[in-house]
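A.B. asks: If you scroll down you'll find the structure; I have some questions about it.
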Amino acid sequence: MLADLAARIDTETRADRRVSLALSAALVLAVLVSRWPAPDTVAFVVLAVACGPLTVIDLRSHRLPDALTGPTAAAALVVLGLTVLIGPDTLADLGRAALGAFLLLAAYLALAIVRPGGLGLGDVKLAGVVGLYLAWCGWEAWFLGTFAAFTLGGLWALALLLARRATGTTAFAFGPFMLVGAAVAIGLDSAGAFSF
């Protein structure tokens, strides 16, 4: 499987791999510091490990490979399912996460259909993964992460337009904004910001 993954990620350079590794390592450390010893920590480490390569690949080639998003989603479901069995989390939490994944995936799919060329199917699939993690944290995190992704992406598009480096039809990588939005919401959840 690793050889297959390496063959699919053919656009990465050595520098890209270093950036990817550094980004993933920093996110793993942040997850461990903020969530340990919660039973769901391993699931969030899985996401953190995937964030580096997904970000670098999307920025470089405007692709979000199924070879990364699929295993990330599968591992998250398995680990979060185990968390329900061993920890304080319930089937309702897992159900909320699955619903959040479905709703965000459906919303992104609708956007991709309404405006072809805007969001790609990689963005749609990543939305399912991000929606799963955000809804696991709660609906507040889900809404904030979704809002943050579109706000950050919109600000980036506006900056490109103002700098005359883009037109209204210029494509740019949206995956990194989804991941940053998720990181912000998950970080705030870990800090207890949504505990009322």
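First residue shown is number 1, and so on along the chain.
Even glycines carry a Cβ here, placed using N, Cα and C.
Okay, these came from TrEMBL:
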type: TRANSMEM; residues: 19-36; note: transmembrane segment
type: DOMAIN; residues: 46-158; note: domain 'Prepilin type IV endopeptidase peptidase'
type: TRANSMEM; residues: 67-88; note: transmembrane segment
type: TRANSMEM; residues: 94-111; note: transmembrane segment
type: TRANSMEM; residues: 142-163; note: transmembrane segment
type: TRANSMEM; residues: 170-188; note: transmembrane segment
A.B. asks: So which of 19-36, 67-88, 94-111, 170-188 is most in touch with the transmembrane segment (142-163), counting Cβ pairs under 8 Å?
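C.D. replies: Highest pair count goes to 170-188.
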A.B. asks: May I ask which of the stretches 19-36, 67-88, 94-111 has the most CB pairs under 8 A with the transmembrane segment (170-188)?
C.D. replies: 19-36
A.B. asks: From the DSSP assignment alone, can you count helix, strand and coil residues within the domain 'Prepilin type IV endopeptidase peptidase' (46-158)?
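C.D. replies: Residue counts for the domain 'Prepilin type IV endopeptidase peptidase' (46-158) by secondary structure: 98 helix, 0 strand, 15 coil.
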